[in-house]
Amino acid sequence: MDIAALLSGGVDSSVVVHLLCEQGYKPTLFYIKIGMDGAEYMDCSAEEDIELSTAIARRYGLALEVVDLHREYWDNVAAYAIEKIRKGQTPNPDVMCNKLIKFGCFEQQVGKDFDLTATGHYATTLQLGGKTWLGTAKDPIKDQTDFLAQIDYLQVSKLLFPIGGLMKHEVREIALRAGLPSARRKDSQGICFLGKINYNDFVRRFLGEKEGAVIEFETGKKIGTHRGYWFHTIGQRKGLGLGGGPWFVVKKDIQDNIIYVSHGYDAEQQYGYEFRMKDFNFITDNPWEGSTGEEEVTFKIRHTPEFIKGRLLHDEEGYRIISSEKLQGIAPGQFGVIYDAESRVCFGSGEIG
């Protein structure tokens with residue numbers, strides 16, 4: 001079996017290679033190069049990633065190829081993020097990177113020549129009813145199925161997640177025992193294409209700054225200024241520069257560039273328990289095809305370890321969720337990710353409208 005393994009230079013993908021080799025496979029290794037336009041945004045972490053990936057390849061006597069998808073990334077993902085931010089929405093570039101780049105452009109250019117593509121994602125695949133489904137990871141804190149919830153059946157059927165059945169500390173222990181060069185490397189944080197680049201610097205480069213008012217939601221009183229609504233997201237608490245906190249962003253007026261904040265964030269009053277999703281993507285199949293009733297599900301609206309219980313309803317306008325608990329910071333542009341009631345199978349996701 002021919003396996004392509006995606007390396008990032010981190011401990012997770014390094015352990016993937018180790019486990020595959022232990023099982024007798026000789027995967028071909030690939031490092032996908034993405035990044036920002038402009039020399040001032042060059043990030044030295046990419047060079048370190050390639051060095052560590054090269055060390056892993058040499059360690060196991062495997063071929064490593066660097067695949068440059070910088071232009072494809074910019075055209076498909078970075079531009080998507082900027083457009084969402086411009087509209088006052090909250091993008092999820094990691095979701096789109098997986099869908100369009102790692103398992104999209106890479107598959108079209110390289111992965112098509114292999115039987116499977118192995119990655120260091122914390123996820124699993126399940127065989128149910130003769131079909132492949134995306135399953136959650138053993139480690140609920142590291143589970144990354146919400147970042148994979150826009151892929152399609154062709155993509156999920158070719159994916160292999162060797163560490164999906166392990167806890168993070170077990171992955172570290174394997175790396176330490178094997179003496180892998182990335183064993184003690186810290187996990188990456190933040191948006192996949194930014195590396196060590198500050199998020200606000202990235203937004204500022206493309207959208208600039210424009211001063212606007214910060215207004216207390218309950219009183220209508222101006223309590224400060226901001227440098228552009230695009231720097232702020234619904235539910236944001238940090239980085240507002242206001243005294244007497246905590247303050248939370250509860251509303252944005254895109255037309256007039258106004259940020260509304262609340263001192264005592266009342267999620268129930270602001271949002272209730274319900275949200276709609278548009279353009280819902282079922283990864284494998286719609287398990288409720290033809291059903292007109294309510295379905296008991298669990299879901300996520302952001303990358304957190306917790307799965308929230310709720311009811312999924314379908315009508316002429318699409319799908320909506322009624323949550324079992326009040327929700328904080330529902331952000332248009334993000335994805336509502338739907339799972340079965342036991343949080344074992346990830347069925348897919350839709351953009352929160």
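Glycine too: its Cβ is placed from the backbone N, Cα and C atoms.
Note that the structure is predicted; figures quoted are calculated from it, not measured.
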Identity of the ATP-site residue among GLY120, GLY129, GLY130, GLY135 (reference: LEU6, LEU7, SER8, GLY9, GLY10, VAL11, ASP12, SER13, source: Swiss-Prot): GLY120
Non-site residues, in chain order, whose CB comes within 8 A of the mean position of the CB atoms of LEU6, LEU7, SER8, GLY9, GLY10, VAL11, ASP12, SER13, GLY120 at ATP: SER14, VAL16, SER53, SER182
Which listed residue (SER8, GLN334) has most other Cβ within 10 Å, given these are recorded positions: GLN334
Under 8 Å by Cβ from ASP12 (ATP binding site), counting only residues of that chain that are 6 or more apart: GLY120, HIS121, TYR122, ILE163, VAL171, ASP187
Whole-number Å value for how far GLN334 (site 'Interaction with tRNA') lies from SER8 (ATP binding site) (Cα to Cα): 25
Largest tally of Cβ atoms lying within 10 Å of a Cβ, found at which of the binding-site residues GLY10, GLY120: GLY120
Separation of alpha carbons, CYS97 (active site, nucleophile) and GLN334 (site 'Interaction with tRNA') (Å): 14
Count of other CB atoms lying within 10 Å of the CB belonging to LEU6 (ATP binding site): 24
